[in-house]
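Let me begin by presenting the structure, written as structure tokens, before commenting on it.
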């Protein structure tokens, strides 16, 4: 879990647009962020496995 101070710091607007970065709103993780789902890969996998994200299915071939 991310430090609370880092999550709050990321939510605040930056003086420069380039310095802003995305964080997962569920766990606060800054890396492996999927813009389409607005969450990190770990939370995406957890929610997709539970069937809580509509339209996402497990692939098999």
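Each Cβ is built from the backbone N, Cα and C atoms, and glycine gets one as well.
Swiss-Prot annotations:
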- 24, 27, 40, 43: Zn(2+) binding site (BINDING)
At 10 angstroms around each C-beta, which of the binding-site residues 24, 27, 40, 43 has the fewest other C-beta atoms nearby?
27
Other than 24, 27, 40, 43 themselves, what residues in this chain have Cβ atoms within 8 Å of the centroid of the Zn(2+) site's Cβ atoms?
23, 25, 26, 28, 29, 33, 39, 41, 42, 44
What kind of secondary structure is residue 27 (Zn(2+) binding site) part of, going by DSSP in three states?
coil
